[in-house]
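Shown next, in structure tokens, is the structure this report addresses.
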């Protein structure tokens, strides 16, 4: 057996994590940082283009088609014909080289796609300005060809989506949008603020018409009235957005894998790997390259740099879907927004950081537990891991702070008592955080802990005595020290592996400081979402036979 995986001949530098500095606890909130490249005044209304002028233009890897040889569509045709990768096999006793040449792209489809991309790329400036003006057009003017006011169609966002260009539009999960054009893979929609743009069609679903609308439409058709199609030549100009492929549907993940070795992406459509992280597997190619997602990044990576997670019976684990969350932070101070683009929060609230604008480093884009998104001051926040690991200081002062306890104790807050408990749990001796073996926590008194039972026994108990949403946590059969969360679900029970690493409980791409924290999170957030958008939660711990 080889000691190392097949590697690229090219040097692969190790990725190093950059450390971030956070402010120390202060008695009063620090001075708010100034927005850069954007003059935000109170009650100022901004259009879509102005809002994102200061945001970084993060290049998104262009996912390829299922045919692996068409992945590098951004290269010229001549480069595609000669493009190849060289893999080397390294072992302790010998070194062998193996060349893998990607197949030539089909000229009838791959060539056309590349040409379209190049052609549209040269017109970005003019098309971008046209898209900016499109946001202010009336609803009737933006209507799809041949549609009257009675034929309007709405779509509902299945996932959040951040626009990557001037012609795209942000999506917020469960929000309703007017459908303007669905003739391409990217649909043109309009939000409630009359802002329009292109969105990936697999991130939205059409809203079912009501019975009244259906009857009204039939009556309209019977009258024989027809609407002439709009033959405006400007509608024939294809947006640059339309030439690139759709981003992956988060529900289409076929499994997960753990990265064994660092890998630095060598091409724009590749995915860099960091040892020890978990990635979602979206697609597998028979040449050994898989397409995956890590955070906001999507791309191809060498499968032999990873280990796929499997059950004891060989079945791929179903993991909690990865969210586009860069970090979890805790508010050290309360903050009241001064304009529509900022997000208010209370001291102790927990926020999800979804973007760190490079051009405005003192402000983060965050989402609260109500799903609201906005800009927040960085120096008002602290990473959750650092917050939990900080010894509890000045307990009497915090206990006497009625405002802080009141806001945190509410259903919408972060939970003041919860923060104190988690912080105490995270305050472990230094020997444990240094990588030394630690003792398993005492879970005997937990209602959801069933100890060392097999998966078969677990399914028997869930199916015999449980209802949908009941769950239990058991010791992992295949990995000593790990756990499994088993959930009673319609049709077939779900099992989620919890990997324990450096005092952290990892499930999917999320990490928790305790199993209590994990259970608390997935009782409020879905632990699984299927392709139809149905969500599963940890509703209730499965009652034990003795009633404890």
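Using N, Cα and C of the backbone, Cβ positions are placed for all residues, glycine too.
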>> Looking at 308-352, 353-397, 398-442, I want to know which stretch Swiss-Prot calls region 'Disordered'.
In response: 398-442
>> Can you identify, from 161-189, 190-218, 219-247, the stretch that Swiss-Prot calls region 'Disordered'?
In response: 219-247
> For which of the residue intervals 113-146, 249-282 does Swiss-Prot record region 'Disordered'?
Replying inline: 113-146
> For the domain 'SH2' (448-542), DSSP counts of helix, strand and coil?
Replying inline: 21 helix, 35 strand, 39 coil
> Per DSSP, what is the residue count of the domain 'SH3 1' (150-209) in each of helix, strand and coil?
Replying inline: 5 helix, 27 strand, 28 coil
